[in-house]
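Enquirer: From TrEMBL, for reference:
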- D152: active site, charge relay system (ACT_SITE)
- H225: active site, charge relay system (ACT_SITE)
- S558: active site, charge relay system (ACT_SITE)
- 33-118: domain 'Inhibitor I9' (DOMAIN)
- 144-599: domain 'Peptidase S8/S53' (DOMAIN)
- 383-472: domain 'PA' (DOMAIN)
- 673-771: domain 'Subtilisin-like protease fibronectin type-III' (DOMAIN)
Amino acid sequence: MFEIPVKWLVFILTIYLPFNIVVSVNNPLTRNTYIVQMDRSAKPEYFTSHLEWYSSKVQSVLSKPEIEGNADEEDRIIYSYETAFHGVAAKLNEEEAERLEEADGVVAIFPETKYQLHTTRSPMFLGLEPEDSASVWSEKLADHDVIVGVLDTGIWPESESFNDTGMTPVPAHWKGMCETGRGFQKHHCNKKIVGARVFYRGYEAVAGKINGKNEYKSPRDQDGHGTHTAATVAGSPVRGANLLGYAHGTARGMAPGARIAAYKVCWAGGCFSSDILSAVDRAVADGVNVLSISLGGGVSSYYRDSLSIAAFGSMEMGVFVSCSAGNAGPEPASLTNVSPWITTVGASTMDRDFPATARLGTGRTISGVSLYKGRRTLLTRKQYPLVYMGGNSSSLDPSSLCLEGTLNPRVVAGKIVICERGISPRVQKGQVAKQAGAVGMILVNTAANGEELVADCHLLPAVAVGEKEGKLIKSYALTSRNATATLAFRGTSLGIRPSPVVAGFSSRGPNLLTLEILKPDIVAPGVNILAAWTGDLGPSSLPTDHRRVKFNILSGTSMSCPHVSGIAALLKARHPEWSPAAIKSALMTTAYVHDNTHHPLKDASVATPSTPFDHGAGHINPMKAQDPGLIYDLEPQDYFNFLCTQKLTPTQLKVFGKYANRSCRHSLANPGDLNYPSISAIFPDDTSIKVLTLHRTVTNVGLPTSTYHVVVSPFKGATVKVQPEILNFTRKNQKLSYKIIFTTKTRQTMPEFGGLVWKDGAHKVRSPIAIIWLTPLK
């Protein structure tokens, strides 16, 4: 077993428990939603349709009513799946589900699971501004035919980001539609929003009927998250966009010419797997080219993860799937959405910040960040009493966390309150302080957050500071009888160095499901991102926030995922013949691993260099990705061959291979032999094995005649040799293979990282390398 720090063991234990919230009740007669995967090819001829057959199967296992003549009042089937997945979602009790799982033609049954949302300067920071007429990403590109499906909380169609002026007619291949409901009519779709659908049957089966007065039972977004992600993917340019004066400029999506199809799968009580699966299935049938999914739950075996299975089906249909990595960093092994056919996206900062300061009575000025703009202001020349309700103990104190009902108005009124991060939302702490009569708040990081700062649109004057400075401020407040401070807000600052930096909250590798698949794949801007917002909620998302804004600034891997989705749409427009794997390869092999100070990318949580377990292949580089030189391509069968190495039973493999009659005839010798753009060499715990050989094949998508030379970084624990060291291409789309031979010199107790680069003078095709020596259990 891999010898790892104790805190990693916690994650190993938790992620191999049921992977997210499995929605069930202990009573075996209680009906819950189950996703039933069927073998489509096994339908008897006497059934006129697959749905008729599926319904018959479900009916055959239903328990008899307790009282004769008591009809089963509800339709047990809530969804049927036909494209990326085959089967139904049905309401069954535990005994019925067990009987159905044994029936002929049933491949697998999955219990309903709950997912969570992973929650504009980025085009310029990424080199995508269209003002440069020579840019390959200029509006002359035919990206109008690319459609991105966004699975989220819906869309606010009135936003200027969804203006369709100048767009060409909707592509002929599009089969989607505009579903209507309260606050959303046919005219809300246009040549930008080409489709909008809602999926709530799974949610209602668990949470009860949606209250149509409190929540839009339509594609309209009252949460804001879906509008923000959709605009980040493909929002039209909007001049003068800003949040209360912050981040003023032109807001535009990554692919402003692409179309958006909004699939609303998340509601006030969460997002449920049967709804998500139905949305993926419908989106692929509608004709999307890219799926952007800023959701996640946890990690489960490939054959038990319904989103992973649906993404596999989408990939088979040529659809690129991008998912957020999760916001559980900086803890190791905290990733979600780790399947190799999914592009897993972590978050990084940009070179823009929103500086604010806290000046203490001692004269010392502490730097922080804030997006506060309101009627309440503090005089910079006046000092206000400073109070901290916690103590010197390192244990959590509800008062120091400024949780609801913990602040005594008689103690905090008229003062600046110090609040620690944790348990409750950052902006809610400020609301608690405001209600108790405080005039301001200093939000301090704890060890869990380190020095990473995320700006928020607070409801009272507030500044966020890092852990080290936070300790200093808390000590000052506890030891000085007359501690004072004042807060000041400095607006928007550009050219921040170093940047980008890997966000502390961004979920980390290794990918414990399969160590040979290095995850995340890539990082993209996900901190303080400006994009369109709902008109139904204030920028803090608190019910008490009555401010209304057209744009909001959010942070999370939910924000980085649509950056990659939009850039994938641009690549699909430029290279319509490219497979999802080819697009992923272009994004990964052209990513950069140095910041704007020319030093290795840093990790915001510790201010030290990040590793491929943090940043994957590196930071996305759209300009380079359009001409990668070489790509690591993969067909659906290649992914199936990989699955054959994962110790799955024939029945478990059926969930991926039944519809194309796939088999393990050409199984890989090693899961690390999957033709993936990153390289992970795992030495087993058998110390006598000192040599490991991995294989890769590259496809020439650059000049027909080209010669590539390889460069590999040195490692302490192993020598790495590539054969051959030179690749000579004589035609476009030619494939050449090479092998990488790892020979152990000294087994290391921790992973080692480096890179392999193929160079031809015009291109640098880089693959990150991780070498891990598993340690025998004692």
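From the backbone N, Cα and C atoms, a Cβ is placed for every residue, glycine too.
Just so you know, TrEMBL annotations never went through curation; they're auto-generated.
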Enquirer: Can you tell me how far the Cα of D152 (active site, charge relay system) sits from the Cα of H225 (active site, charge relay system), in Å?
Expert: 7
Enquirer: For S558 (active site, charge relay system) and H225 (active site, charge relay system), what Cα-Cα distance in Å is obtained after rounding to a whole number?
Expert: 8
Enquirer: Per 10 Å Cβ neighbour count, which of the active-site residues D152, H225 ranks highest?
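Expert: Answer returned by the neighbour count: D152.
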Enquirer: With every protein chain in view, what's the tally of Cβ atoms within 10 Å of the Cβ of S558 (active site, charge relay system), excluding that atom itself?
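Expert: That number is 30.
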Enquirer: If you run through the domain 'Subtilisin-like protease fibronectin type-III' (673-771) with DSSP, how many residues end up as helix, strand and coil?
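Expert: Per DSSP, the residues of the domain 'Subtilisin-like protease fibronectin type-III' (673-771) fall into 1 helix, 58 strand, 40 coil.
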